[in-house]
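Quick look at what TrEMBL lists:
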type     : residues : note
TRANSMEM : 20-42    : transmembrane segment
TRANSMEM : 48-71    : transmembrane segment
TRANSMEM : 92-118   : transmembrane segment
TRANSMEM : 138-160  : transmembrane segment
TRANSMEM : 167-187  : transmembrane segment
TRANSMEM : 193-217  : transmembrane segment
TRANSMEM : 254-273  : transmembrane segment
TRANSMEM : 285-305  : transmembrane segment
TRANSMEM : 317-342  : transmembrane segment
TRANSMEM : 354-371  : transmembrane segment
TRANSMEM : 383-402  : transmembrane segment
TRANSMEM : 408-428  : transmembrane segment
C-alpha cells in the first residue's frame, strides 16, 4: 500500500519528511562528533556528568505546559477555517509568546533564589565533590537557558503546521554544524566543562530563535499588540489542552532518559557514562527517524480536521512497516558491529556484549512503535489514555528498574524499558485503530 500519491498533501509530506530526515541525520552525526570530542579531551567522570545533565535537560526543556503542542493543533484548525490574514492565529501565537516570556523571567529568578535549598547533588553520584559541584553549577545554568528557550523558539515548531518542514531542517542543520565547530575549538583550548556545556545548549537556543524570527518575517505576522484580556483567554483555552500535553511531555521525556538518570543516581556517573555510550548508537537511529513525526503530526492534524481518516489509516500502517524494517535491520547491524562503531566514536574503553545490543535494540523498536502509535491521538487532542499510561510508567519504572538491576545487573535497564515501551505501544495502537476507524 503506497503512502505517496499525486496530491499536494502527499508531496508536501514527502518533501518535509526527507528534508527533516536529512537535517536530523546531520544533527545526530554532529552530536556523535561532540561525544567523540568530549571523551577524548575530558575525563570519564566529566563526560558522565555531561551525559547526566543532557538527560535531565531533555526533561527540563519540555516544561512548556504543553501549550506549544496545543497551539500547533489550534493553528492547524484555524488554517482550515481562517482566510489568508491569519489574524486569529497571530493572536494565539503572540499570546503564548508573551505568556512564556513572563514565566521564564519569574522561573529564572525563583531558581536563582532557591538553588541553595534544592539537593541537585543526588543526580551526580561520585566521590569527587569538586566534580559534583561543577555538575550542579552546569545544571543550574542550563535550566535558566531552557526556560528562555521555550518562548524564543515557538515559531520553529509552527513550520510543521504550515507544511514548511524544510525551513526547520535548514536551521537544524546550521545549528548542528556550528555546535561541533564551537565545541571542538573550546576543547582544543581546554576550556572548562562548565563553559562547554553552557555553549552547547546556548547555540541550540540561538539558532532556534533565529528560526522563529524568520517564521515571523516570512509569514508577515506583525500583529504584535495583544490585549491582556486576549493573552488570558487564549492561554486559558490552550492550557486546558496543554496541561495534558505538559504532563505527557514530562513523563515521556523522563521515561526516555530514565536509563541514564537511574544509572547515574544508583550506580554512579562512571556506569552512567558507559550506559549512555551504549545507547548513543541507538539514539542516532531514533533521532534521525523520529524527526519525521513532526511533519506527520501536522499532516495528521490537517487530515483529521478534514475528516480524511482513510489517508490517516494508510499513512499510519505504512509508517509501522517502515519502523519494523529499519529498526530490526539496525539492531542486527549493531549486535555484530556495535563495538566497532564505539571504538570509532570513543575508544577501547567503551565496549559491551551482544546481549546488551540486542536488548537495547528491542527496547528501541518498541519505543519507536509507541511514538508512531501516539501521533494520531496527539494530533486530535485525545491523549487521556496516553497520559495515564505515561504517568503510571513514571511511577513504576524506578522501583522496577532497581529490582531488575539487582537481579540482572546493567542488563536490567533495557529489560525494564522494553517492558514499559511494549505495553505502552500495545495500548496506543489499540486507541489509534479506534480513532482512524471513525469514518
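Numbers here mean position along the shown chain, with the first residue as 1.
From the backbone N, Cα and C atoms, a Cβ is placed for every residue, glycine too.
What TrEMBL says about a protein is an automatic prediction, not a curated fact.
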Residues of the parent chain within Cβ reach of the transmembrane segment (354-371), under 8 Å, 6 or more residues beyond its termini: 256, 278-279, 282, 285-286, 289-290, 293, 320, 323-324, 327-328, 330-332, 334-336, 338, 410-411, 414-415, 417-418, 421-422, 424-425, 428-429
Interface check, the transmembrane segment (167-187) with the transmembrane segment (383-402), three or more C-beta pairs under 8 A: no
Considering the transmembrane segment (20-42), which listed stretch of 193-217, 254-273, 285-305, 317-342, 383-402 counts the most C-beta pairs under 8 Å: 285-305
